[in-house]
Amino acid sequence: MGRENILKYQLEHDHESDLVTEKDQSLLLDNNNNLNGMNNTIKTHPVRVSSGNHNNFPFTLSSESTLQDFLNNNKFFVDSIKHNHGNQIFDLNGQGQSPHTLWIGCSDSRAGDQCLATLPGEIFVHRNIANIVNANDISSQGVIQFAIDVLKVKKIIVCGHTDCGGIWASLSKKKIGGVLDLWLNPVRHIRAANLKLLEEYNQDPKLKAKKLAELNVISSVTALKRHPSASVALKKNEIEVWGMLYDVATGYLSQVEIPQDEFEDLFHVHDEHDEEEYNPH
């Protein structure tokens, strides 16, 4: 398959490469001028406008990028979606959101929900350092309630990742300073509760960090399932909750097996009439 045919294939299909350049387009169009009746079938791929080479290649922007560079990237984003879907996606988004999934992940720039290859309007997102979910964090608790009770999501993913800075910090005794030491306390508690298990990985720090990341996902999923809204929805089989780990070196997700929570029923608070109110008198 020649270069011209590869480029033509990319431009005619919905999963075309974002790496098509102006030179590639010119080559493709010149080639198709020699083909009978083919010009009208080609959808011109949006071209990314660049201010020139920057020191962050192959990424699209850098610390030296200007405001106009960011706006150009936004235009490319819009043009790419319209190229594949017309105005349908933005028309639907203009009418409101109805996401099917809540994604709870780490703030790490490498580990966002982009790995699901979804479109705007599909995923409701909450991210923080080390993808921590606990009952003391009003932000995550509010997001979970809103996602389940208002948006009616059907899937919830809690996703950790390899090479997580919050995990590495929790494996160290070095003080970070500011609010971060307090924020990472839940991960340190997980480390303390699994100290013997983690010591088995002392000869391989990367595997040790990966194991703690998995344990942290388990802890966050367990905390999420104990959330009042999640507990009720799970009892009614209205949602599924999955733990995931994203590998920043490969781009692939893997499932983290979540053990059964023996205290799950203790956190199932509800308004059902058959439940007697506790009264010691």
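Placement of Cβ uses the backbone N, Cα and C atoms for every residue, glycine included.
Per Swiss-Prot, Zn(2+) binding site is recorded for Cys106, His161, Cys164. When Cβ atoms from all protein chains are considered, those within 10 Å of Cys164 (Zn(2+) binding site) total 27, not counting its own.
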Chain-mates of Cys106, His161, Cys164 with C-beta within 8 Å of site centroid, Zn(2+):
Gly105, Asp108, Ala111, Ala130, Asn131, Cys159, Gly160, Thr162, Asp163, Gly165, Gly166, Ile167, Ala213, Tyr246, Val248
Suppose we draw a 10 Å sphere around the Cβ of Cys106 (Zn(2+) binding site). How many other Cβ atoms does it contain, all chains included?
24
